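For reference, the structure is listed below as C-alpha cells.
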Amino acid sequence: MIHNKEAESETRFYGFIRAVSVGLTHIISIAFPVFIAFLSLPGTSVFSWHPFLMTVAFGFFMTEAILLFSPYGSFIKRFPHKTKGRVHWILQSLCGSCAVLGLAAVYYNKNLNGKAHFTSWHGLLGLITVCVVCVQSLAAMPLIYHSLAKDWSLAKLKRYHAASGLVTFLLGCTSLLLGLCSSWFTASVGGYAWYLAAICPALSALIIMNQVSSAYVAKKRLQS
C-alpha cells in the first residue's frame, strides 16, 4: 500500500515536471521568434526575411506540430488522434513553406551582394535541413492516406516517422544555434542576451527529444 502511494506520488511529480517543461516550450516557441523578429525587422531588407522565416519555421511551427501529441500540454489534447495528425501535417507544411522562403531570401540576398553560397556550416546544414523538412512532410502523406503505402503497417510508419521527425527537429535546432553564431546575430546581440537566446533552441530540443523518446518507450512497454 505504501509502495503504491510512493509510486503514485512519483508519477504525479514527473507529470508535473513534464507539464511545466511543455509549458515552457510553448512560451519559447512564441518568445524566440518574436525576439528574432524584433532584431531582424522583417521587410526592411531582403536578408531580414531569412532569420525571421527560419525561426518561425523551426522555432514555432515545427515545435508546436510536435507538441500537439504531448499528453502534458497539447492545445488540442482532447481531440481525436486523427485530427491531431491532420493539424500536425498542416503545421509541418507551414514550416516547410517558411523554411523554403527563408532559404530563397538568403540565396537571393547573396546573389545581390555577389557572395558565395553555402560556405559556412550554418549554410550547409540549413540547406540540408530544409530539404529534409520537405521530404519529411511528403513522406508523412501515407500516415494520413494509408492507401498510399498499403504494404506498410500503420504502426511501423508512425514509428519511422517519429524517429525521422525527431532527427529533422534536431537538425532545425542545430541550424538555429549555428545561426546565432553568425556575424549578423553576434553584432546585434552579445553577453548574457546571447546565451539566453542560445538556450531557447537547445532547451526546446531537449524537451522534444524527451517527449518523443518517452512516447516510444511507453509503446514498447505496452507491446511487451
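Each Cβ is built from the backbone N, Cα and C atoms, and glycine gets one as well.
Annotations in TrEMBL come from automatic prediction, not curation.
Annotated domain 'Cytochrome b561' per TrEMBL: 16-219, in sequence order. For 20-41, 47-69, 89-108, 120-145, 166-186, 192-218, the entry in TrEMBL reads transmembrane segment.
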Within-chain partners of the transmembrane segment (192-218) [C-beta distance under 8 Å, separation at least 6 from its ends]: 18, 21-22, 24-25, 28-29, 31-32, 35, 58-59, 63, 66-67, 69-70, 159, 162-163, 165-166, 169-170, 173-174, 176-177, 180, 185-186
Stretch with greatest number of CB pairs under 8 Å, the transmembrane segment (89-108) reference, 20-41, 47-69, 120-145, 166-186 candidates: 47-69
Chain residues outside the transmembrane segment (47-69) and at least six past its termini with a C-beta under 8 angstroms from it: 22, 25-26, 28-30, 32-33, 36-37, 39-41, 75-76, 84, 87-88, 91-92, 94-96, 98-99, 101-103, 105-106, 109, 126, 129, 133, 165, 168-169, 172-173, 175-176, 179, 184-185, 200-201, 204, 208, 211-212, 215
PLDDT averaged over every residue in the domain 'Cytochrome b561' (16-219): 92
